[in-house]
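This report refers to the structure that appears directly beneath it.
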Amino acid sequence: MSQALDPVLQVALDVPLPRLFDYRGSAEIVPGSLVRVPFGKGVKTGVVVAVAAQSDQPADKLKAVEAVLAVTPLPSDWLALCEFVSRYYQHPLGGVMSLALPPLLRQGKLPRKLKEKPAGGAETVLPVMPVMLDEQVVAVAAISAASGFAPFLLHGITGSGKTEVYLRAIATVLERGGQAMMLVPEIALTPQLEGRVAARFPQARIAIAHSGVADAGRTRGFLDAHAGRADIVLGTRLAVFMPLPRLQLIVIDEEHDGSFKQQEGLRYSARDVAVFRAKQRGVPIVLGSATPSLETFHHATSGRYRLLELTRRAVAEAPPRVAVVDTRREKLQDGMSAALLAAMSERLQRGEQSLIFLNRRGYAPVLACPACGWISGCRRCAANLVVHLADRRLRCHHCGLEAGIPRACPDCGNVDIHPFGRGTQRLEAALSERFPEARILRIDRDSASTPVKWAALLDAIHEGSADILVGTQMLAKGHDFPKLTLVGVAGADAALFAADFRAPERLFAQLMQVGGRSGRAALAGEVLIQTEYPSHPLYQALIAHDYAAFAAAQLAEREQAGFPPYVFQALLRAEAKQLDDALAFLAAARESALALGGSVTLYDPVPMRLFRKMTLERAQLLVESASRPALQAFLTSWVAGLYNQKTPRDLRWHVDVDPLEF
Ligand code: ADP
Ligand code: ZN
Ligand code: ZN
């Protein structure tokens, strides 16, 4: 009899179904508890979302919870955060919570020992702090004076002292007994920043959260934050889910960076989730960037976010001089103009560093046979195999497929087959022939494939034991190279006319960032951009260091064309062995959408640009609305129906809300 009175627990489990599961519990289990429950033939860990008096299922069918983890139940704002993310991104709640929990808790385990705060006091050295510039003072004062939800855009070029502003704002929060959360785009950047934050706050407990931290460490950091022991959470996008009882400030550095959006599974934007969180908790949030996303800039110019500007560099005297090199009437040598080569020679003579930016790794994008037209395609993807001459392999950058470099054309036997186009390896080879005395370093995901290799490359650059750097956008991010005075940009024009409407925004950000690497110490910097479109407004804005002009022009174009941020988008994507199956699923989904009505625009299902990946054919359907709530309401009822739609067994589908890639 007593069993019937046991409360029913509604538990979120990581299974691909948009529902909760009922279990029999006991009186002491509350929402937010982590529980181990029987599921199918095994046991799963889940989060208790609600406690009910009874279940829709017959009482004798209900299984009992097996164990409760010895963790303080997660707070209601954490549950509400996960529920928001589940609703907004159309992803099952159990999946969201599983991602939001650290690795050990997800498996129902606890780390062995919770870290004690290191002994400090007497030995700690007081950090040296620069005297703030006027604009920094204004920014810190505005952030520290904010009460309740207050979004800020901190706009300033690299080196203008944004990080210093974050640190001062965090200091105020810590003095008031609060917790601060700071998110950065990539693990590669966190060691530098970790050092700087730790040096500034020797007394604070800092929880580091990114995929490079071992499972136990991440779990401890999560529990430290949850218990209020950690003062600062510093991490990549996944840190946005850390529970923080005393949260008083959120900082998103490089807010425009695409890596804040997860591109698989739960396709969330950590920046957007952070803004929701700041609103939910009633705290200020600072979004910092030299090249804000147009979404964020639009908010700042329309008054929804407050704009704080840092207009000059904190240390170097002047920003780099940016110029274009018109290559229309010139025969390039290995892709480089006479002007760029001359500028490099000068740097070599003066013992300074040059950097050539080419955002394409490998030796050449494709191997081809001029006799019959054969090209090195990937048999699993709608993409070419890239020539990697360094280890003599052909490699697919989408699925990882590898093959040896054939000695003759596989189709016609012609031995005279060639690599076409140019990647970083080819540029490196050409430069070492042209400047045999120079020490050349290539920096891309091949040469910096591990954190150790990456750190060694950075050390070499800092020590000045390299004269010429050849690299992809890896080099563009947050590194201070004191001897670098020249940045050359080879072949960026394609992005000006790409089908992707976000390509110019990305190009502008990359070139600003890579240009910002030069002239950071006492030496003045120069940026040379080779182009066949020297008067293009994007390049002209770079020359004038005028992000605002570029952003205004782009926003005007977007408004005219009806692109974000003036409309809100979602994609339904499907993949299957047969393209027709994927398209048929989307067509049926479109029919069911039409039946629902609502003020959304539905486009036709189309194959994706990369229409085959890992042998799966991929197609998508775009949905748009000028109103975010209208789009959300539509998606909620539409996606609920999709779970019941009949699909071929091998078909997979997902929804991507606010997609960045098409
Ligand atoms: P950003 O984050 O905008 O790239 P940082 O905050 O890292 O800029 O500042 C760039 C450099 O200038 C750092 O070495 C920093 O210590 C220094 N710096 C920042 N603010 C000041 C200041 N007010 N006076 C002197 N140096 C400063
Ligand atoms: Zn051939
Ligand atoms: Zn492939």
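Even glycines carry a Cβ here, placed using N, Cα and C.
Record features, source TrEMBL:
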DOMAIN    143-310  domain 'Helicase ATP-binding'
BINDING   Cys369, Cys372, Cys409, Cys412  Zn(2+) 1 binding site
BINDING   Cys378, Cys381, Cys396, Cys399  Zn(2+) 2 binding site
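For the binding-site residues Cys399, Cys409, Cys412, counting C-beta atoms within 10 A of each C-beta gives the highest total at Cys409. For the pair formed by Cys372 (Zn(2+) 1 binding site) and Cys378 (Zn(2+) 2 binding site), distance between Cα atoms is given as 18 Å, rounded to the nearest Å.
The average pLDDT for the domain 'Helicase ATP-binding' (143-310) in the predicted structure is 95. In terms of C-alpha distance, the listed binding-site residues Cys378, Cys381, Cys396, Cys399 place Cys378 closest to Cys409 (Zn(2+) 1 binding site). Counting other Cβ atoms within 10 Å of each Cβ, the lowest count among the binding-site residues Cys372, Cys381, Cys396 belongs to Cys372. Residues near Cys369 (Zn(2+) 1 binding site) in space but far in sequence (CB under 8 A, at least 6 apart, same chain), listed by position: Ile375, Cys409, Asp411, Cys412, Asn414, Asp416, Ile417. Listed in sequence order, Asn384, Leu385, Cys396, His398, Cys399, Leu401 are the same-chain residues at least 6 apart in sequence whose CB falls under 8 Å from the CB of Cys378 (Zn(2+) 2 binding site). Under 6 Å, Cβ to nearest atom of ligand 3: this is the test, and of the binding-site residues Cys369, Cys372, Cys409, Cys412 it is passed by none. Within the set of binding-site residues Cys369, Cys378, Cys381, Cys396, Cys399, Cys369 have a CB atom less than 6 Å from some atom of ligand 2.
Look at Cys372 (Zn(2+) 1 binding site): DSSP puts it in coil. In sequence order, Ala371, Gly373, Trp374, Pro410, Asp411, Gly413, Asn414, Ile417 are the same-chain residues whose CB sits within 8 A of the CB centroid of Cys369, Cys372, Cys409, Cys412, the residues recorded for Zn(2+) 1 being left out.
Excluding Cys378, Cys381, Cys396, Cys399 themselves, the residues of that chain whose CB lies within 8 A of the CB mean position for the Zn(2+) 2 site are, in sequence, Arg379, Arg380, Ala383, Leu385, His397, His398, Gly400, Leu401, Lys613, Met614.
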